[in-house]
Amino acid sequence: MDLFRFFPEASNREEVEENTPEPEARNTTSVVRNCQLDFLRNLFSKTLGISGEKVLDELTLEGVASYIQSGKCKNIICMVGAGISTSAGIPDFRSPDTGLYANLQKYNLPYPEAIFQIDYFKKHPEPFFALARELYPGQFKPTVCHYFIKLLKDKGLLKRCYSQNIDTLERVAGLEGEDLIEAHGTFYTSHCVSFMCRKEYDLDWMKEKIFSDDIPKCDKCSNLVKPDIVFFGENLPKRFFTSMAMDFPRCDLLIIMGTSLQVQPFAALVGR
């Protein structure tokens, strides 16, 4: 199967062909993958009550592409995390040495996760906004993974994309509000942190403040203004919970990319 027909954005055909195993190696790999697929099918059947009926012929990219092209799935859900954006130059959170948490020493934090703790942010917003200048949306471009999800949308196959990312690259690739559940929030909008105010600000306003080295303050009540990303200690967006109850019972193919599924409640979606 020519996967480059299915993923037109990919261009490294020569590199892929050079690294394609010989037939004997491919056959051995295929046997191993089929064993893995049978194991996972039986595991999900016993633990989650999911049917043990065979869906994919192979636990490979080719197997997924073949199943999509067969026309048997019409409601595909994608669950994505930081791994789909690392090739765009955005670090993930937990990789040793290169991950975001491994490179925050310069901010003199009591512990790495403090930069995303809402209580710490309200007292010490400077480290977060310094980091935001480095990672601000608009400096990076979507990857093949982002455009693959857009391709599913264009073909009328995407039920929804559930994303842990806050980089807005799904939106840049062409997904719109109804296509996307930004489970951990987004830089796309911002709000005053005061519950009595909650004035909303757009992406351009926040960008101007961040790059002028100003700590963003509400022009109505003078409290801090924070991008609508979900900090530790904050609730996930309501749409995350209302949409998953409607979407997952109708899902006929779940594609998980770029996430190790370590963070709840996002990780629990696979059991729905």
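Cβ coordinates come from backbone N, Cα and C, glycine included.
Pulled from TrEMBL, these are the features on record:
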ACT_SITE  His184  active site, proton acceptor
BINDING   Ala82, Gly83, Ile84, Ser85, Thr86, Asp92, Phe93, Arg94, Gln164, Asn165, Ile166, Asp167, Thr259, Ser260  NAD(+) binding site
BINDING   Cys192, Cys197, Cys218, Cys221  Zn(2+) binding site
DOMAIN    54-272  domain 'Deacetylase sirtuin-type'
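Positions of the features from TrEMBL, shown on the structure.
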residue	record	contacts (Cβ under 8 Å, 6+ apart)
Ile84	NAD(+) binding site	Thr143, Cys145, His146, Asn165, Met257, Gly258
Gln164	NAD(+) binding site	Val80, Gly81, Ala82, Ala183, His184, Thr259, Val263, Phe266
Ile166	NAD(+) binding site	Glu182, His184, Gly185, Thr186, Phe187, Pro227, Ile229
Cys192	Zn(2+) binding site	Arg198, Lys199, Tyr201, Cys218, Lys220, Cys221, Asn223, Leu224, Val225
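Each residue contributes its Cα atom, and for Thr86 (NAD(+) binding site) and Cys197 (Zn(2+) binding site) those atoms are 36 Å apart. In the three-state DSSP assignment, the secondary structure recorded for Cys218 (Zn(2+) binding site) is coil. The local packing around Cys197 (Zn(2+) binding site), expressed as other Cβ atoms within 10 Å of its Cβ over all shown chains, amounts to 14.
The average per-residue pLDDT of the prediction over the domain 'Deacetylase sirtuin-type' (54-272) is 89, rounded to a whole number. When Cβ atoms from all protein chains are considered, those within 10 Å of Ala82 (NAD(+) binding site) total 23, not counting its own. In this view, the densest Cβ surroundings among the binding-site residues Thr86, Thr259 belong to Thr259, judged by other Cβ atoms lying within 10 Å. According to its DSSP assignment, Ile84 (NAD(+) binding site) is helical. Counted within 10 Å of its Cβ, the other Cβ atoms near Cys221 (Zn(2+) binding site) come to 14, all protein chains included. In the three-state DSSP reading, Cys192 (Zn(2+) binding site) counts as strand.
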